[in-house]
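Asks: Swiss-Prot feature annotations, pasted as is:
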TRANSMEM  33-53  transmembrane segment
TRANSMEM  77-98  transmembrane segment
BINDING   HIS83, HIS182  heme b b562 binding site
BINDING   HIS97, HIS196  heme b b566 binding site
TRANSMEM  113-133  transmembrane segment
TRANSMEM  178-198  transmembrane segment
BINDING   HIS201  ubiquinone binding site
TRANSMEM  226-246  transmembrane segment
TRANSMEM  288-308  transmembrane segment
TRANSMEM  320-340  transmembrane segment
TRANSMEM  347-367  transmembrane segment
Amino acid sequence: MTNIRKTHPLMKIVNNAFIDLPAPSNISSWWNFGSLLGICLTLQILTGLFLAMHYTSDTMTAFSSVTHICRDVNYGWIIRYMHANGASMFFICLFMHVGRGLYYGSYTFLETWNIGIILLFATMATAFMGYVLPWGQMSFWGATVITNLLSAIPYIGTNLVEWIWGGFSVDKATLTRFFAFHFILPFIIMALAMVHLLFLHETGSNNPTGIPSDTDKIPFHPYYTIKDILGAALLILALMLLVLFTPDLLGDPDNYTPANPLNTPPHIKPEWYFLFAYAILRSIPNKLGGVLALILSILILVLMPFLHTSKQRSMMFRPISQCMFWILVADLLTLTWIGGQPVEHPYIIIGQLASIMYFLIILVMMPVASSIENXLLKW
């Protein structure tokens, strides 16, 4: 009698994805982040569900409902902080996952890569809308500033912004629809993640060398299930350290002040994971130009497969490209720092230089480095 996991229609799918999946024998811990993202998403959906049971999406009661969750609901505080800091862990894993893809040339799996970019955009949209829900000062003004960017679109901009707002300013209608979208998007993300996995399993995983690994495969279970459990344990440890010791470390103190349309905070800034894009947006004096740069800073990932000029897939044996990659990482960290600083000298010029560097490294320096390495292969 054959095993039920290989014959049952549903079990067969699980088996082929997580048990008998042929995986390269040499994938490193950088390949853990996919499963960690799955854990993050599940955690966010579960904690979010329990928060939604007590939250009210009304401008008059939203702030106090969040306070009520923290003070009066059984373990409400831990659910709230797991959800808030879970978003930070989610983005750490996302950035690591994308960085891994860039370093090891995983972007040559076109469908998987493009679905991944859509997932990144969807996650960013979800996080932004979630940040608006507590209805603190930063929630309100963040929503006002970011939605206002759409008014830079010629001709239809103003109408579009008012349509999204559901009125002439960020108000009750805006909060209600943001809650609705924030609730539904994670389920769309989950569906997209399944498609992402479907496309990945058409080709199989890449590996650190970038060389096809068809001749050397091992079953996913038990080798990578145990490795994923270790990664998950470390993720939960990091998250709980954050939640139980410094839950407000990554938040903004301004968000503990209820939203007041008559009082603008001195420095409007998004959560830390958007600061790099915010710095790029602010570095361009023109509104439309800034918005385009903001979108392109993420959309540039679509071009990665077409900017790949190297004869080798991975950067493992390409020291010049490795240097370029780490300069890019340093540049992104610089942009993240600048995004949180006030708009004054010397931060303005540093932000502008870092923004120019960002696009220059990806569009010019990395392809040139690859071409030089191709020439060096002939030596």
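Quick reminder: no glycine exception, Cβ is built from N, Cα and C everywhere.
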Asks: Is it true that the transmembrane segment (288-308) and the transmembrane segment (33-53) have 3 or more CB pairs under 8 Å, sequence gap of 6 or more?
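Replies: Output no: the transmembrane segment (288-308) is apart from the transmembrane segment (33-53).
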Asks: I need to check the long-range neighbours of the transmembrane segment (347-367): which residues 6 or more away from its ends have a CB within less than 8 Å of a CB in the stretch?
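Replies: Sequence-remote neighbours of the transmembrane segment (347-367) are 279-280, 282-284, 293, 296-297, 300, 303-304, 307-309, 321, 324-325, 327-328, 331-332, 334-335, 338-339, 341.
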Asks: If you count the C-beta atoms lying within 10 Å of each candidate's C-beta, which of the binding-site residues HIS83, HIS97, HIS182, HIS196, HIS201 ends up with the smallest number?
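Replies: Result for the binding-site residues HIS83, HIS97, HIS182, HIS196, HIS201: minimum number of other Cβ atoms within 10 Å at HIS201.
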Asks: Return only the integer: C-alpha distance in Å from HIS182 (heme b b562 binding site) to HIS196 (heme b b566 binding site).
Replies: 21
Asks: Round to a whole number and give the Cα-to-Cα distance in Å for the pair HIS83 (heme b b562 binding site) and HIS201 (ubiquinone binding site).
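Replies: Distance (Cα to Cα, whole Å): 30 Å.
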Asks: For the transmembrane segment (178-198) against the transmembrane segment (33-53), do we get 3 or more Cβ-Cβ pairs below 8 Å once near-sequence pairs (under 6 apart) are dropped?
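Replies: Yes, the transmembrane segment (178-198) and the transmembrane segment (33-53) are in contact.
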Asks: Output the single range from 33-53, 77-98, 113-133 maximising the number of Cβ pairs under 8 Å to the transmembrane segment (226-246).
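Replies: That would be 77-98.
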